[in-house]
Amino acid sequence: MGNGTSRVVGCFVPSNDKNGVDLEFLEPLDEGLGHSFCYVRPSIFESPDITPSNSERFTIDSSTIDSETLTGSFRNDIVDDPSFLNRHNSKGLAETTFKAISGASVSANVSTARTGNQMALCSSDVLEPAASFESTSSFASIPLQPLPRGGSGPLNGFMSGPLERGFASGPLDRNNGFMSGPIEKGVMSGPLDVSDRSNFSAPLSFRRKKPRFQRFMRSVSGPMKSTLARTFSRRSGGLSWMHRFFLHPETRVSWAVGKDGKLHGEDPESCLESNRNLQWAHGKAGEDRVHVVLSEEQGWLFIGIYDGFSGPDAPDFVMSHLYKAIDKELEGLLWDYEEPSEDNQLQPDQEPPTEENMCDPESISEQHSKSVVAESEEVMIDDISSLGNTDTQIADGPPGDSAGPGKKSMRLYELLQLEQWEGEEIGLKRYGGNVALNNMTNQVENPSTSGGGAGNDPCTTDRSALDGIPNSGQRHGTKKSQISSKIRRMYQKQKSLRKKLFPWSYDWHREEGICVEEKIVESSGPIRRRWSGTVDHDAVLRAMARALESTEEAYMDMVEKSLDINPELALMGSCVLVMLMKDQDVYVMNVGDSRAILAQERLHDRHSNPGFGNDEGIGHKSRSRESLVRIELDRISEESPIHNQATPISVSNKNRDVTSYRLKMRAVQLSSDHSTSVEEEIWRIRSEHPEDDQSILKDRVKGQLKVTRAFGAGFLKKPNFNEALLEMFQVEYIGTDPYITCEPCTVHHRLTSSDRFMVLSSDGLYEYFSNEEVVAHVTWFIENVPEGDPAQYLIAELLSRAATKNGMEFHDLLDIPQGDRRKYHDDVSVMVVSLEGRIWRSSGQYYPERKQKFNR
């Protein structure tokens with residue numbers, strides 16, 4: 001219905017089973033367990049605001065394309081409008097290799113505030129959830145919710161059915177209240193849409209709330225909503241605007257400054273172009289952090305999984321800095337930046353007035369001399385009004401979020417100030433038009449007097465003229481000013497809460513002035529373009545390693561400065577797993593024991609699709625696009641085990657199929673494990689510390705860490721960091737050489753036709769799965785539930801295995817509070833990147849025997 005829901009509905013499994021669980025959310029979803037989210041890549045030629053046709057999600061052999069009508073193909077590069085195709089091809093847009101991203105995280109550790117975030121430590125008004133998620137609107141997410149006891153889903157213990165997830169996640173609006181995405185040159189990192197609804201998957205609330213608090217909130221919010229609605233009904237256009245403000249306080253109203261100096265609603269097309277450049281997602285589960293950034297136009301994908309230990313500071317720091325460091329290092333290797341063309345820049349007479357030229361006498365004389373020549377008093381008054389509007393914007397403060405040159409996002413209290421100024425504007429037109437006109441005319445006729453002293457300052461003259469104008473609504477404006485100050489305080493409190501929930505978005509950048517300058521430069525800065533030369537893959541890997549090195553140096557400097565106040569920072573560290581995909585090139589960098597697994601189809605098992613090239617395929621040429629979609633949907637419905645009651649999914653069938661997939665698929669580990677489980681790592685540490693016979697103690701580095709390489713963990717890298725700790729946390733540090741390093745392993749891989757998907761995860765997944773089991777289970781799940789969420793399925797399987805291993809039921813494990821549950825499983829974050837999209841016709845494309853099996 002225009003909100004992009006159909007784009008992600010394929011991530012969710014429709015449940016038509018009579019035994020399915022009906023979702024009746026009588027209480028808010030609990031976000032403390034974890035999140036499941038997905039991103040389905042749309043066609044780069046479609047508008048993000050237009051619902052994509054289902055036909056663009058299939059792939060049919062190119063022989064079925066009708067070259068005259070451009071129909072009969074489900075490839076993404078075929079569209080119905082040839083002019084639209086040519087128009088977008090002129091921009092040189094790239095076709096990315098990845099098609100869909102599935103992610104899920106589950107927390108086992110309790111949530112702890114970052115040590116450097118003293119405001120969060122002192123705040124006790126909101127309980128920080130152990131898991132949270134935020135993203136642009138292209139991602140759909142929902143908190144993990146276990147099925148009620150006694151309920152049984154088709155595959156796992158979560159209420160994951162895509163229908164349910166689509167319902168629970170709400171409208172997939174194109175906005176977000178947080179501009180916390182990674183900063184990028186020429187591209188705004190946060191959503192820039194004009195819609196005013198929150199993009200969270202579920203409210204940040206919890207199951208167990210005190211009834212008295214709910215009654216208090218209802219008693220307070222009701223009168224305030226009604227009062228503010230009556231006050232601003234003229235501007236807001238009705239109660240619904242205020243209703244959305246209270247339900248979604250993070251949202252902002254976007255405005256743009258036109259050439260006339262007045263505020264106008266932001267152009268949806270301009271927002272569309274800016275928002276399509278970058279999509280991002282941030283997630284946390286316990287001490288795990290997940291960072292996803294992708295660009296549809298440039299054809300690249302960045303995924304970072306940061307598995308922290310001993311505290312959240314290290315993974316939060318990596319979340320805030322590593323992507324930006326990599327982006328900087330890769331300039332000139334994978335992409336480059338070009339300055340905006342002079343044709344797109346404003347002419348000198350079209351430049352918006354600034355704080356300097358507004359007070360420049362010659363500038364004002366030049367502006368208003370045109371109005372005198374036109375001999376129009378109305379034009380003169382409107383010009384003065386537009387000048388006042390611009391002045392008011394600058395006086396209000398720097399723009400909150402720049403969407404481009406001259407654009408700003410306005411919060412509610414800023415709208416109140418704007419309305420108060422409009423009241424003064426009305427008084428200007430009624431009473432002070434002649435006074436202001438005479439003053440400005442005198443300045444034009446006598447330019448020599450405009451530069452004399454402060455008494456003749458044109459800006460002072462304008463302001464004094466405005467102040468002397470009687471305003472019939474002065475008392476009304478005073479009331480609105482009081483309400484504006486109250487709402488400003490409300491906004492500041494909400495911002496402090498968001499700082500606690502998402503510390504990586506705020507706490508490392510405290511100087512607002514610097515951030516504002518960065519945003520202004522960002523909006524008018526250079527534009528990223530594709531690197532046209534030959535890519536040096538070794539240079540790319542070295543650049544990624546340099547980015548990690550510089551990020552750790554900055555973190556260690558920060559820790560060293562804080563040792564006297566927060567010595568526990570020396571204990572905190574993180575494993576780092578980064579995957580950068582650019583077209584068909586995949587670059588992987590890791591330190592620690594998080595893994596990146598590539599699933600490849602064994603060549604001797606590959607089969608061509610039996611539907612390709614036969615009579616049925618030839619018949620497709622003469623059929624319309626819509627009929628082809630219906631044929632494919634009917635075929636999927638018949639072959640899917642979810643809809644085919646004759647082939648129910650049973651445990652025995654699943655185990656047999658998973659075993660067969662282990663023979664047909666191969667797991668290739670692109671990352672390297674850095675832990676004491678690897679003999680080479682143990683030998684390396686002992687050879688570097690021959691004088692210390694206890695460098696490896698109890699299968700851990702100095703008896704403390706299982707990992708042999710990590711980001712942070714300064715107490716095992718510098719003796720002074722170790723000495724700053726309490727004695728109970730110190731180790732016997734011999735010498736000055738570090739026991740662990742942050743030297744990463746880097747790998748480049750060129751994707752081939754046999755590569756199917758990638759699985760990136762923290763080490764918690766491999767406590768219960770081997771690499772081959774992960775690939776086999778994901779392949780089985782995609783084969784049987786092509787619209788499902790494989791990452792969430794892996795999380796459910798892991799929790800089920802953890803419960804079985806410890807002799808308890810699935811729900812009994814989840815009933816164990818976080819912190820205590822860490823005894824049974826670790827924080828786990830999983831990302832599954834499909835390299836060919838959702839496998840709608842996988843039964844025919846991969847294993848033809850599956851089709852005959854379903855038809856029995």
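Just so it is clear, glycine is given a Cβ too, placed from its N, Cα and C backbone atoms.
Looking at S152, S652, S677, Swiss-Prot tags one of them with phosphoserine, and that residue is S152. Among the candidates D327, D336, D763, D789, the residue that Swiss-Prot names alongside D307, D826 for the Mn(2+) 2 site is D763.
Between the listed residues S6, S189, S562, Swiss-Prot assigns phosphoserine to S189, with no corresponding entry for the rest in that record.
Checking the ranges 48-67, 388-407 against Swiss-Prot, the region 'Disordered' annotation falls on 388-407. Within 10 Å of the C-beta of D826 (Mn(2+) 2 binding site) we count 23 further C-beta atoms, all protein chains included. Considering only the binding-site residues D307, D763, the Cβ with the fewest other Cβ atoms within 10 Å is that of D763. Other Cβ atoms within 10 Å of the Cβ of G308 (Mn(2+) 1 binding site), summed over all protein chains shown, number 29.
Separation of the C-alpha atoms of G308 (Mn(2+) 1 binding site) and D826 (Mn(2+) 2 binding site): 11 Å, rounded to the nearest whole number.
Confidence across the domain 'PPM-type phosphatase' (269-835), taken as the mean pLDDT and rounded to a whole number, stands at 73.
D826 (Mn(2+) 2 binding site) sits 10 Å from D307 (Mn(2+) 1 binding site), taking the C-alpha atoms as the reference points.
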